[in-house]
Every structure is written in C-alpha cells, then in structure tokens.
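**Q** Per Swiss-Prot, the feature N-acetylserine maps to Ser2. Annotation comment: Swiss-Prot describes Asp264, Ser265, Ser266, Gly314, Met315, Gly316 as NAD(+) binding site, evidence class sequence analysis. The K(+) binding site feature in Swiss-Prot is assigned to Gly316, Gly318, Cys321, Glu488, Gly489, Gly490; the stated evidence is sequence analysis. Under the heading IMP binding site, Swiss-Prot lists Ser319, Asp354, Gly355, Gly356, Gly377, Ser378, Tyr401, Arg402, Gly403, Met404, Gly405, Gln429. If you look up Swiss-Prot, you'll see Cys321 marked as active site, thioimidate intermediate. The active site, proton acceptor annotation in Swiss-Prot covers Arg417.
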Amino acid sequence: MSGFEDGFSAEKLFSQGYSYTYDDVIFLPHFIDFSTDAVSLSTRLSKRVPLSIPCVASPMDTVSESHMAAAMAALGGIGIVHYNCDIDTQASVIRHAKSLQVPIASDAVFKCPEHQIGSVDDFGPSSFVFVSQTGTLTPKLLGYVSKSEWSSMKDDQKEVKIYDYMKSCENKDYYVPWDIDLDKIEAVLEDKQKGFVVLEKEGETVNVVTKDDVERVKGYPKLGSGTVGADKKWMVGAAIGTRESDKERLEHLVKAGANVVVLDSSQGNSIYQLEMIKYVKNTYPELDVVGGNVVTMYQAENLIKAGVDGLRVGMGSGSICTTQEVCAVGRGQATAVYKVSTLAAQHGVPVIADGGISNSGHIVKALVLGASTVMMGSFLAGSTEAPGAYEYRNGRRVKKYRGMGSLEAMTKGSDQRYLGDTAKLKIAQGVVGAVADKGSVLKFIPYTMHAVKQGFQDLGASSLQSAHELLRDNTLRLEARTGAAQIEGGIHGLVSYEKKSF
C-alpha cells in the first residue's frame, strides 16, 4: 500500500515534545511466525549480570528483603536489598537471602519469649507460633506453640508468657540442612510426622517450612532457571548511597556476597554519584555498579562516561512517589525509557525501567521501548515475600507500602537518596499507603511473564534483542492514545464484572 503507513516510528513519536507514560502509547501488531513458548525473555540487569526473566525487586523497605530477594532469584530475576537500615542489618539480609535455597516465605508467626498469645487470631493463617529471642526468624528458634494445643488450654493457662508453656525445638528431628530441596523437605515431614522443619546453617535458623507451606507451594508454576552466582548461591543485589559512610557499607556488603550494587538516588546526575561510581569501579573492579536514577540522555551520558554497568531510569513515576508534584522535575516513563535506552544501547549499557509498572502491558511497553529489565515496587508489594505483616482494612487483607521519599521512611535514613542533609528540613517526595494481598510472587510472576510473552508474540518479537531491533529499524509502529482510546482499551460498558488475571 504505497503512500500509506500505519502509525509512527518510535523516533518520530517521541520527538514531538510530549512526555508520554506507558498508557499514552500503544504498539501496533506485527507478523507472527513463532509460538509463545518460543519467546525468550532472558536479558541482563547490567553488563555482567544475566537474568532469565526481566524482573527486578525495587530497593524499598516494604518490598525487598531476604525472602523477596531469594524468591526473585529463584524465578530467574533479582532483588535489590534496600539500605534503609544499619550496615550489619543489610549485610545480614543479603547473607540470609543467599542461604534461602528453598525460597518459601512461610506464613508462620514469630514472637519473643515474654510475649503472650492473646487469641487464636495471633496465629494468623499458620498452625504454629514460633518463639525466638528476637521475635523474628533468626538467629535461633527456642520453641513453638501449635494452634490446636493452644486452643485446648484453659484460659488461666494462657495468661502467662509463651516461654512458660511452649514446646522446645531442641529435638534434632526438627532440623534439616539449609540447602535441602523441597522434595526432600516433604519427605522429611512425612517420615518424621512433624508439622514443620527448621532449615539450619552453622547453628543458625535460615527458614521454617510447615506442611501447609509445602502444600501451598506445590500448586505454584514450576520454577525455571534461577539466577545463581559463581558461589552457587542466589544472586542478590544491594543498594547504597553516595556518602562517604557508604564506602564502609559497601565493603561489608561485598563480604556478605552482594553480586551487584545499585547507587540509590532520585537524581543520579550529581558529582556525588560520579565520584562513587569511580570509587566502586576502582576498588571492586569485579563488581557491576548500576547508576541512576536518570530520565534524560544528558544525565545518562555523564554516568556512562563515569563507568556504570547499568542505568536505572525513572523519576516520579512510582505510585507512591510525589517528586514531579513537589519538585516539578521528572519525565513520563515511556519517553524516559525510550530516550535513555537509545543512548545507552550505543554503549552496551543495559537499562532498568524503574517505576510506573501496574500490569503486564506496561512491562511489554517498557521492554520493547528499550529497557532490559523492569524494576517493580507496588507490583510486588503486598505479596507474601514482601516485608511486614498483613492487616485488615475495610475487610481487605493488606500490607503497608511506602515510598522511600515519604517522611516515615526518611526518618529511618532514606533521605540520603534525595541528597538530604540530616541537619535541615525534610521535604516528603512520597507517601505511605497500603496494597492488597497478592499472594506469592512465586505464583503470580510466572503468569505475568507468560502474558508478557504473548505481548511479544503479537509484536512479532521472539526476544528482547529482536524487539529492540524491530523498534530501531522502524518496523514496529506506535501511536499516541487519546483519553477515549484508553477508556475503550480497558474494561467498559458493564454494570459489574469480576477480573481474574490467571
């Protein structure tokens, strides 16, 4: 059809002076000559960190700690452990994540010895309450209380400390090696007739897995190729800031086994980050360093010249971020990803699209526009693996989710990523909220990745590399969507509906 053409090339669409979000643009379908199963989503986080799936857990204190990092690695992605804590805690989280060879985040509840169990609700969905000195999984379990035994106790027997009536965990039948696989755990539970097993490494508790956990995980999609480092353990990333004290933090994180470091800043084009990039590359040449955040080619060029191995793109696009509103700076995420990726590709630097991901379609758009991976916060928050306890609000089971620019997070130290001075006023660039229970990432991420593969198939791209080539040679065409087109492309015209993604 000479004289006619569908849509625009990406170069033309993104040169019109508009700041586009993912919802503002739509790809036009291309030709299919392969099956969905033939689509490969293998990629790179940075120059030397390969991944099987393009998913990265954001370094936020309500998203990425040990269980999330282990689960993401088991899925073929990676988690970046936040640094809104002291050095020893962050290093401990990394060591713990690398030890969770069975990446099950148990529903089990943990309490301190002096605590009481007030009601059966204290057990949550678990059949046990476990007791440790810290009231957490580590370093060692002291005992446990089963829900059935507690329910049969008299009221006056319950009005004492848990320590007074808990059962001891000294019996070695409860303990198994930390690197045992799920099938062997199930066999041990069956053989020993126990309700749970304790995974132990060098005398410390690594995880607790109950029969209920095993049954739940057996229903999840089968895991593919995990992200494993040279040490044969899960690859785990770590976030740090750009202050002088972060050099000491980095030393401890490298010793703990961090496989990649992410310089965590809302505006990465600063003298502080340039100096930190050079320090990391000179001091730890074997360690990949990801710089950012950036949204322009000018910002990206400075970090590339300094030696970054990856770029994190996004400013104010996260659901809990108010940077664009408060500071009047930022960029629509679709435009930012395309522009920065165009430059980064010329230097062989992978791009991480950070923020603005609400569904599988957004992931497809981010990847096809040039990103190698997507970094997710709210998409993973509220999952079983995310830090924090579930609570009920208006009848819905939720978990807290907060921006690292919220005042609540900044009081714990995250103001460093906003180049804040602790002696001066703190201005919030984020909010605190809650997200609904999503279940385990081990279940919903595989389904999400299959949806992404279907999107790639419709575009005629069998891999990320293929998609990037089709975009840059102008084969793939795009259009901007009007408000009415966005409404039409969503669910509309129904009195009521039930939406199930899988």
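Every residue gets a Cβ built from N, Cα and C, even glycine.
Show me how these features fit into the shown structure, please.
**A** Residues near Met315 (NAD(+) binding site) in space but far in sequence (CB under 8 A, at least 6 apart, same chain), listed by position: Ser266, Gln267, Asn293, Val294, Val295, Thr323, Gln324, Val329, Gly330, Arg331, Ala336. According to DSSP, Met315 (NAD(+) binding site) sits in a coil region rather than a helix or strand.
The Cβ of Gly316 (NAD(+) binding site) has 26 other Cβ atoms within 10 Å, all protein chains considered.
Around the Cβ of Gly355 (IMP binding site), the number of neighbouring Cβ atoms within 10 Å comes to 26.
Cβ neighbour count for Cys321 (K(+) binding site): 24 (other Cβ atoms within 10 Å of its Cβ, all protein chains included).
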**Q** Listed binding-site residues are Asp264, Ser265, Gly314, Gly316, Cys321, Gly489; which of them have CA atoms within 10 A of the CA of Gly377 (IMP binding site)?
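**A** If one measures from the Cα of Gly377 (IMP binding site), no binding-site residues come within 10 Å, so the answer is none.
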**Q** Just to verify a number: CA distance, Cys321 (K(+) binding site) to Gly314 (NAD(+) binding site), in angstrom, no decimals.
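**A** Checking the Cα atoms of Cys321 (K(+) binding site) and Gly314 (NAD(+) binding site) gives a distance of 11 Å.
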**Q** Looking only at Ser265, Ser319, which of these binding-site residues has the biggest number of Cβ atoms within 10 Å around its Cβ?
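**A** It comes out as Ser265.
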**Q** Among all protein chains shown, how many Cβ atoms are found within 10 Å of the Cβ of Gly314 (NAD(+) binding site), not counting that one?
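**A** Counting Cβ neighbours of Gly314 (NAD(+) binding site) within 10 Å gives 29.
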**Q** When neighbour density is defined as the number of other C-beta atoms within 10 angstroms of a residue's C-beta, which of the binding-site residues Gly377, Gly405, Gly489 has the lowest density?
**A** Gly489
